[in-house]
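This report refers to the structure that appears directly beneath it.
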Amino acid sequence: MNLTDFRDNSLLKLQVGGPFLGGMEAVQEAQEYILIQVEQTEEAGSRRRRTQQVGVVSIYLLFYNSFCDTFSFAPILISVQAFLLDSQVVPLSMTHQSLYVTVETQVLMAGLILAGVYVLIIFEIVHRTLAAMLGSLAALAALAFIGDRPSLMTVVEWIDYETLALLFGMMILVAIFSETGFFDYCAVKAYQLSRGRVWPMIIILCLIAAVLSAFLDNVTTMMLFTPVTIRLCEVLNLDPRHVLIAEVIFTNIGGAATAVGDPPNVIIVSNQDLRKKGIDFASFTGYMFLGICLVLLTSFPFLRMLYWNKKLYNKESSEIVELKHEILVWRQTAHRINPASREETAVKCLLMQKVLNLESLLHKKLKTFQRQISQEDKNWEHNIQELQKKHRITDKILLVKCLTVLGVVIFMFFLNSFVPAIHLDLGWIAILGALWLLVLADIQDFEIILHRVEWATLLFFAALFVLMEALAQLQLIDYIGEQTAVLIKAVPEDERLAIAIILVMWVSALASSLIDNIPFTAAMIPVLINLSQDADVNLPVKPLIFALAMGACLGGNGTLIGASANVVCAGIAEQHGYGFSFMEFFRLGFPMMLMTCTIGMCYLLATHIGLGWNT
């Protein structure tokens, strides 16, 4: 191919697709390959023409991206040679683009877009869903500006529909489940177990959440736990926000313990190259489980220290708190009604009138009641009797149906993790479970169930997937990986492994708290494999991969959008009238992230440097 339409000093981007082998191990054994040469003819003087080779590559990979610098307006020649054992036909697709911006400028653009999204979310200038949508639009505009225009089909393919299907299916299951009164019943039981004391109850909830998320995914755990926690806090006159943040932090910690608890771990264990190096389900879970148990043990006292001066109890009496919350819920309901018909307008006016009546009642109560801080209940036994009368299971037949379907769905989640031959994604399991329960429950008013689905959360994830993939196309994630590798190579050999573990761990943790940990993990794995195979570096791959897993999973606690479970929990809490801001999460999550990552790093160093494991 002769290319003549290139500007001066642009980047040539080549993408080659075909029936190639995947993985570095397979490449070394390959006998058939394709050689691609990129040459540019330059005018060296008035008479002489000099041919300069700007890139040669032999590929065996499934999909190949290459960037070659071009030096002038001179034509570029791309030659493709296939070295095959038989004379069979091999299909090959090759696309080329000219990008007019250097990699460093692309990374700078990506960094500015990411910073802009964070400013919008931190200062709550717009809702986080709109912030993610604006960020993804800006990232796509940046790609178009540099000359890499993805088609609409490509952008739609960037969205991870399995995650969205899992969220949607579980939201419907939980919406029907809440009709049974089961969450209220669970809240009363937890109150009974803790004998009316707050901290034992919070520790029990966090521990159960951590254990569950080690086997289920974090999103499912938080979807089941958030409604129970909110009801429990309402019963105890506690502010649910702090309890929910503590729970979601421990969900993220617990998810790191096994190979199926967190998406980065799933990506690591399912990588074929790493399996050949001995990182399989059992060895990965065995090593991570020990470290996470150590992290959990130290996390509880640290959480108590963080919450030392936090007023977990509401400052007003439970009657006033309930009245305030009721006003908020009625107002939200009124705003959600779209007055399309006369009847709907009348209903909206009635609801607003009810809000005004409740507000005048609250005003009177605030005058008569003095502000009092609730103390831990001394007469908790009497309270339980009252609560058991008030919060009962309302529909036992529906509860049996819900428990059956949810039991089967959770069993299928486990089976999918441990038996890969099923070939049924988590999203499909959740959707099929939701459809099955909708049929069994015989829901007449489908609109009510759809109102319970958090469309804003689903839209946020879709926009976030597009944003992260566009930032990856702008070379941001690859650049982070390459710079980490450069830093590791610069360290003296006797200290290299320790520095590499520390560097990979903290870069992963900080990157995962700012950008989604799924594309980051996927991009870092080949970087670390190449680093371990570099004869000059001489590093074992296992310690680096465990450092990546530990950092990527624990780093999710750093910010509100660092992990999927955080966003889901915030969305459900907002729907119940207890939304928490980015900064509220950050004040508790970021110190916990720093502490847990420090403990994780000490464990990695003690086992790999001190005891010589996996080296």
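For all residues, glycine too, the Cβ spot is worked out from N, Cα and C.
Among the features that TrEMBL reports, transmembrane segment is placed at 57-85 (among others).
Under the heading transmembrane segment, TrEMBL lists 105-123 (among others).
Model confidence over the domain 'Citrate transporter-like' (118-551) is summarised by a mean pLDDT of 85. Annotation comment: TrEMBL describes 118-551 as domain 'Citrate transporter-like'.
Among the features that TrEMBL reports, transmembrane segment is placed at 130-146 (among others). Sequence-distant neighbours of the transmembrane segment (130-146) (same chain, 6+ residues past either end, Cβ-Cβ under 8 Å): 99-101, 106, 109-110, 113-114, 116-117, 120-121, 155, 459-460, 463-464, 466-467, 470-471, 473-474.
According to TrEMBL, the transmembrane segment annotation covers 166-186 (among others).
Marked as transmembrane segment by TrEMBL: 198-216 (among others).
For 284-307 (among others), the entry in TrEMBL reads transmembrane segment. If you look at the transmembrane segment (284-307), the same-chain residues 6 or more away from its ends with a CB under 8 A from one of its CBs are 199, 203, 206, 210, 214, 242, 246, 249-250, 253-254, 256-259, 265, 268-269, 546, 549-550, 554, 588, 591-592, 595-596, 599-600, 603-604, 607, 613-614.
Here TrEMBL flags 397-415 (among others) as transmembrane segment.
Within its own chain, the transmembrane segment (421-443) has Cβ neighbours under 8 Å at 161-170, 172-173, 176, 217, 398, 401-402, 405-406, 408-409, 412-413, 415, 449, counting only residues six or more beyond its boundaries. Sequence annotations record features per position, and here TrEMBL assigns transmembrane segment to 421-443 (among others).
Remote same-chain residues near the transmembrane segment (455-477) are listed as 103, 106-107, 109-111, 113-114, 117, 127-129, 132-133, 135-136, 139-140, 142-143, 146, 148, 150, 155, 158-160, 163-164, 167-168, 511, 515-516, 518-520, 523-524, 561, 564, 567-568, 571 (criterion: CB distance under 8 Å, separation of at least six residues from the stretch ends). If you look up TrEMBL, you'll see 455-477 (among others) marked as transmembrane segment.
Annotated transmembrane segment per TrEMBL: 497-515 (among others), in sequence order. Sequence-distant contacts of the transmembrane segment (497-515), counting only residues of its own chain at least 6 positions beyond either end whose CB sits under 8 Å from a CB of the stretch, comprise 114, 118, 264, 468, 471, 476-477, 480, 484, 487-488, 491, 521, 524, 528, 531, 539-540, 543-544, 547-548, 550-559, 562-563, 590, 593, 597, 600-601, 604-605, 608-609, 615.
If you look at the transmembrane segment (585-606), the same-chain residues 6 or more away from its ends with a CB under 8 A from one of its CBs are 122, 242, 245-246, 249, 253, 290-291, 294-295, 298-299, 302-303, 306, 498, 501-502, 505-506, 509, 513, 543, 546-547, 550-551, 554-555, 557-560, 562, 566, 570. According to TrEMBL, the transmembrane segment annotation covers 585-606 (among others).
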